[in-house]
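Asks: Below are the features I grabbed from Swiss-Prot:
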TOPO_DOM  1-67  topological domain 'Cytoplasmic'
MOD_RES   SER10  phosphoserine
MOD_RES   SER19  phosphoserine
MOD_RES   TYR20  phosphotyrosine
MOD_RES   THR21  phosphothreonine
MOD_RES   SER24  phosphoserine
MOTIF     58-61  motif 'Stop-transfer sequence'
TOPO_DOM  89-763  topological domain 'Extracellular'
CARBOHYD  THR104  O-linked glycosylation site
CARBOHYD  ASN253  N-linked glycosylation site
CARBOHYD  ASN319  N-linked glycosylation site
CARBOHYD  ASN725  N-linked glycosylation site
CARBOHYD  ASN730  N-linked glycosylation site
Amino acid sequence: MMDQARSAFSNLFGGEPLSYTRFSLARQVDGDNSHVEMKLAADEEENADNNMKASVRKPKRFNGRLCFAAIALVIFFLIGFMSGYLGYCKRVEQKEECVKLAETEETDKSETMETEDVPTSSRLYWADLKTLLSEKLNSIEFADTIKQLSQNTYTPREAGSQKDESLAYYIENQFHEFKFSKVWRDEHYVKIQVKSSIGQNMVTIVQSNGNLDPVESPEGYVAFSKPTEVSGKLVHANFGTKKDFEELSYSVNGSLVIVRAGEITFAEKVANAQSFNAIGVLIYMDKNKFPVVEADLALFGHAHLGTGDPYTPGFPSFNHTQFPPSQSSGLPNIPVQTISRAAAEKLFGKMEGSCPARWNIDSSCKLELSQNQNVKLIVKNVLKERRILNIFGVIKGYEEPDRYVVVGAQRDALGAGVAAKSSVGTGLLLKLAQVFSDMISKDGFRPSRSIIFASWTAGDFGAVGATEWLEGYLSSLHLKAFTYINLDKVVLGTSNFKVSASPLLYTLMGKIMQDVKHPVDGKSLYRDSNWISKVEKLSFDNAAYPFLAYSGIPAVSFCFCEDADYPYLGTRLDTYEALTQKVPQLNQMVRTAAEVAGQLIIKLTHDVELNLDYEMYNSKLLSFMKDLNQFKTDIRDMGLSLQWLYSARGDYFRATSRLTTDFHNAEKTNRFVMREINDRIMKVEYHFLSPYVSPRESPFRHIFWGSGSHTLSALVENLKLRQKNITAFNETLFRNQLALATWTIQGVANALSGDIWNIDNEF
């Protein structure tokens, strides 16, 4: 046996006798390399038995080198294998212990799949998701849901009423059925104004002899009117815009004014009238703009020039908050009341002077009440505290759950009419929530970011529910919510598609308009390459407005409509039947609105980069600079220069260019790098909120879209005043406006630049 083993071992190395040679590492003085040859003991025994003298044989160099090469190869293979194996074990050691080296390759592979916690579903692409969304929407009957929400079960549903709460609970249950990640409610205690159950609001003509001629005890009312009694001359002021008041040939000082509904909000009409020293306002729907058959139709609205609970300005209306009594500066100090067209025509019968042709108004319109007559207005509205509920459901993102898009709709309404005002938006909200729930649970859609669906109430009192939620999370919401999509009043007609949005969303909306087809003519919604110039500014009565102007969150609102206003909003005729009569293709129109909103949601939550085009504000800043350049002489006369404003605008342009370059150079698969870039993009809108005014005193701090002396439009208006009436111009105010606007723009540029060491400090 020993002979066989020795023979096999010997043959492995070419049949040569084995010897090991040790070479000295030190070079010998005489140039020789000494070595020691060692023979195996078995060889020595064999030589001794055969009585043969061992002779030293020189090993063959070729076979020796082959031996060392083989050994080296084996060693390197083992080192590489062990390094890789130990590295793998280290990665998964938290899950389970390393597998033994002796296990098969198949076992290693199967255990690798078990221990790696990586989603196995394939990622759907934009084209796949568009098709999937379209197919889902095709199977839904939106009109049935709108009809259900417009029935007596849920109407009338004034904010805080029993039927409003019943609808809130229904929506909450629906969200639970959709298997959302979380469903919750937000509770507030707010003060709203309602008609008195004791006294009536009244409009009366006071004859010269003191006799009273009753005109109307209106069914409708205007919330947040000053409850008081006034009497005076009555004059017409068209729509009640600032321009309308400026163009009047008679004074409104100490007079009641009557204005048409439309063009601007009730609150703006009242504020304008108050600024021209009017003592009260009457609002009606004229026949030309609102061709409604019923002349005695009542109208509802509110007069708060702001949003949220006006008795807790700047802070949320949570129960038992210990704030001192206060009220919003946007509340009017004069009474305001809506009247029917029949009542307005009765008043016109006592008035004189034809209305200007440029007003494009019906012939019954008159300008001033006859001499020796007055109109008496009595408003007896009362404040009520109501508990209101906002309902939320969230689909959490799979990569960045702490970043979310909010999709919301108002569910309440003043009066019995609810269809176009709140049922369409609420129905669309529910169906979109259902569609996205199905896409995730059944079709493999994995949004990177979260989607929050929100049902607001008290929207008819000035986006109270939405604003109170924003006020409750003012310090943190802008760091997490990056877009608000408003679904209110999305279908009022078929002819036009109108958009109101933050400039950050213009580019994305343009792409979606090119994708989505109009259901009537089959053409793209993108009809005009110059559509951005026709984008309308968000109004006070739009729930998207406080998101943009108060919280600095990009927001978008859109609708299908006609050239003329929808005639039934704010009236009891806003019914499902009236809506389907005006919009026979209601189901197709709402489905198209759902496709627009759905594509927005997908693009904002699916793509690696946030689809917010921060470069669009470059054109807005450039437009502002052009407006300001018209007053270069005035500015120079005050010893001022626009140099620093130019510099701030230039820094913003350079910051956007650098950010675009950073994005193009970034490794898109590196989530940490992309998150850092997206965080910089998210800061843009928020940093356009002026940091130099109080959110309590001036809640709408956005220098482009806000309201107050800190806005860029107010700065320009101040310069116009200097040219018109220099004695009324406040130079100190203007200097502050210019300085603070400059530093606000510079702050946005700095935020876009990223880390503090990347900011150009040579301002």
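Positions of Cβ are set from backbone N, Cα and C atoms, glycine also.
Describe each of these features in terms of where it is and what it packs against.
Replies: Across the topological domain 'Extracellular' (89-763), the prediction's mean pLDDT works out to 92.
In the shown protein chains, 11 other C-beta atoms lie within 10 A of the C-beta of ASN253 (N-linked glycosylation site).
Annotation for ASN725 (N-linked glycosylation site): no same-chain Cβ neighbours under 8 Å separated by at least 6 residues are found.
Under DSSP, ASN730 (N-linked glycosylation site) is assigned to coil, being neither helix nor strand in the three-state scheme. Of all Cβ atoms in the shown protein chains, 13 besides its own fall within 10 Å of the Cβ of ASN730 (N-linked glycosylation site).
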Asks: How long is the line from the C-alpha of ASN253 (N-linked glycosylation site) to the C-alpha of ASN730 (N-linked glycosylation site), rounded to the nearest angstrom?
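Replies: Rounded to a whole number, the Cα-Cα distance is 24 Å.
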